[in-house]
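**Q** Handing you a structure now.
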């Protein structure tokens, strides 16, 4: 937590006052600041890394 404001500095993929909430679907990274860029995704992307979860038969970062 910040020594003056008390604001938590959450690790990538987590948010909230106490950092106990994962990023909402379609978001990832520190502060959940990034949007998932996954085509043909089977559940979006990893909230910490942004890695796509591809549907069967598709591979690669954007599942193309």
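Glycine too: its Cβ is placed from the backbone N, Cα and C atoms.
Small disclaimer: the values here were computed from a predicted structure and weren't measured.
Feature annotation from TrEMBL assigns domain 'EGF-like' to 1-20. For 10-19, the entry in TrEMBL reads disulfide bond.
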**Q** On the DSSP side of things, how many residues of the domain 'EGF-like' (1-20) fall into helix, strand and coil, could you say?
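**A** With helix first, then strand, then coil, the domain 'EGF-like' (1-20) has 0 helix, 2 strand, 18 coil.
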**Q** Among the disulfide-bonded residues 10, 19, which residue has the fewest other Cβ atoms within 10 Å of its own Cβ?
**A** 19
